[in-house]
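Features of the protein shown, as given by TrEMBL:
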TRANSMEM  B:21-39  transmembrane segment
TRANSMEM  B:45-65  transmembrane segment
TRANSMEM  B:77-95  transmembrane segment
TRANSMEM  B:107-129  transmembrane segment
TRANSMEM  B:136-153  transmembrane segment
TRANSMEM  B:190-208  transmembrane segment
TRANSMEM  B:239-257  transmembrane segment
TRANSMEM  B:277-299  transmembrane segment
TRANSMEM  B:319-337  transmembrane segment
Amino acid sequence: MLELSNVRAGYDEIEVLHGVDMTVGEGEIVALIGSNGAGKTTTMRTICGILSATHGTITYRGEPIQEEPSHEIVERGIVQVPENRDLFTNMTVMDNLLLGAQTADAQAKRDETLEEMLELFPRLAERKSQRAGTMSGGEQQMLTLARALMGDPDLLILDEPSIGLAPQLVQEVFDVVEEVHSQGVTVLMVEQNVQQTLRLADRGYVMENGRITMSAPGDELLEDDGIVEAYLGV
Amino acid sequence: MSTIESVRESYRDFDDQTYAPFVKGVALFGFLAALPYIIEIDVAGMELAATLSLKVLILTVIYAYTAQAWNIMSGYTGQFSFGHAAFFGIGAYATQKLLADLALNPWVGMLVAGVIAAGYGLIIGFLTFRFKLKGHYFALATLAFAELLRFVVVNMSELQGANGYFKPFPRDYGAEYGLLAFQFQSDLPYYYLILGFLLVVTLISWLIKNSWIGLYFFAIREDESAAASVGVPAFRYKMLGVAVSAFFTALGGAYWSMYFNTIRPDTVFALFKNVELLLPAVVGGPGTLIGPIVGSFIVTPVSEVARTTFTNINGLDRIIYGAFLVAIVIYSPRGVVSWPSRARALWNRVRSTDSNEEVNN
């Protein structure tokens, strides 16, 4: 479904990704793990067109997308949940949700999806007309997820969805990811909660210094004590 | 429950109704329509009209109109333009040039002028948004584009250089005084004409605000990179904001050129015109629908009255503009329309400390 081949990218003069290769298959949950500064977030941002690749190709369903601006990539069905949440804090929960539905497809079934989301996240339903910035961190994370799902994604890209959340909320986030995946959405996620993520993921990639150093099914990576120790900081 | 609270409660119920904006609009514009008569009412031997003439009212509504147009771009999308005189001047000049050379009816010329201004806005937008100019840099760039036009016009004999244009008589373009000619022999019809302009631009502003376009504009204003990451085509919508705003600002310039007798580069393209065009929106409340109108009714009459009363102090009106600008930016960046809610918050705080004291006692 998604294929990165020898992708180089970075910020201005500083190259962060030195040739990344990875694939995400239809219907998979793929985890990208690695220590801080390895280039995980940069990879996500490059896929989504927020950063542009200086070298290499990114193909989605057989078509190159590395030249496209982010709104066209969203149009293709790739929706990102950014690490820093990027909510519109002065706008209402409802406005934030509505802004998630951008493509023609997503807009066509907007009201339907909206109802589903309010069911899936009852706390958001209670706070529809509250300003997003006045909610707790966990609620904001839920809103970010719900907003992404409003875009009716085929491929959902999650950048550290559980960061800074209480353990109970972390579980809630993972439950939502599983629920979404069971509805046929492909998921690519970066996570610090390595154990939990790898248990959920079909495959995992380990990233180090801007390169992929290992890829294997999730449970294999989990069982490999050396990897868990060396890369995952457990 | 106190009476104030019950009044507020019933107002909130009213506000939830779908007809509320309509009722408010009719009330506001009804009041504005009656204003020329209200100022002539004799109260205890004093007429408001003695200080507040119809001319000042016209100017006030002109600046309410242009501020409303400025607000669509700068208030809604957050791209602060300091160069709207460019569009205003284009509106005035294109209308007069077409009138002088081709005897083109000002109503048609005005629309042509609007399209030219929108085009100039798109050029400015393309150059600045492409290179991601933001905040102060964007404001300065727009100012440069406005000043550029002033220099060009001053030096172009095809546009009469520094002399400018003198408004022709209706018979020069085969018309008679009246609506069709865009010229009247008294001020009152001029007042209702600009009030009509204000109504149209306010209506359009309201429609934008309550549509998808408005949602996108606000998202861009709030956080452009977040808007881009959810898939809002930010560049396209910023361009739309500039074009719409420039178009309507130019119509304001066209009106100006048909109301006053002459236009010159140092009036319609003046450096200070940039301030006059945006200040009412900033004072009233940028990004709100009513702010630009409220703001103009605060700023314009005060500075006009000061200018005509203290004729021996040159530039007093500008000092007043400056004082307004400084005061509002420092003390109330959300404008005068935010005062009621701020007062309420203050009142609630005062009351809650009172009740706390009671508990402590």
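One-based numbering along the chain as shown.
Using N, Cα and C of the backbone, Cβ positions are placed for all residues, glycine too.
Owing to the predicted nature of the structure, the values given are computational and were not obtained by experimental measurement.
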Same-chain residues near the transmembrane segment (B:136-153), Cβ under 8 Å, at least 6 residues beyond its ends = 79-86, 89-90, 93, 120, 124, 127-128, 159, 161, 265-266, 269-271, 274
Are the transmembrane segment (B:190-208) and the transmembrane segment (B:277-299) near each other by the rule of at least 3 C-beta pairs under 8 angstroms (pairs 6 or more apart)?
-> yes
What residues in the same chain, six or more past the boundaries of the transmembrane segment (B:107-129), come closer than 8 Å to it by Cβ-Cβ distance?
-> 83, 86-87, 90-96, 98-99, 138, 141-142, 145, 149, 180, 182, 235, 238-239, 242-251, 253-255
Between the stretches B:77-95, B:190-208, B:239-257, which one has more Cβ pairs under 8 Å with the transmembrane segment (B:21-39) than any other?
-> B:190-208
Do the transmembrane segment (B:190-208) and the transmembrane segment (B:239-257) share at least 3 Cβ pairs closer than 8 Å, excluding pairs fewer than 6 residues apart in sequence?
-> yes
Give residue numbers and ranges for long-range contacts of the transmembrane segment (B:77-95): same chain, 6 or more residues beyond its ends, CB-CB under 8 A.
-> 66, 69-70, 106, 109-110, 112-114, 116-117, 120-121, 124, 135, 138-150, 153, 159, 165, 217, 220-222, 237-238, 241-242, 245-247, 249-254, 256-258, 263, 265, 268-271, 273-274, 277-278, 287
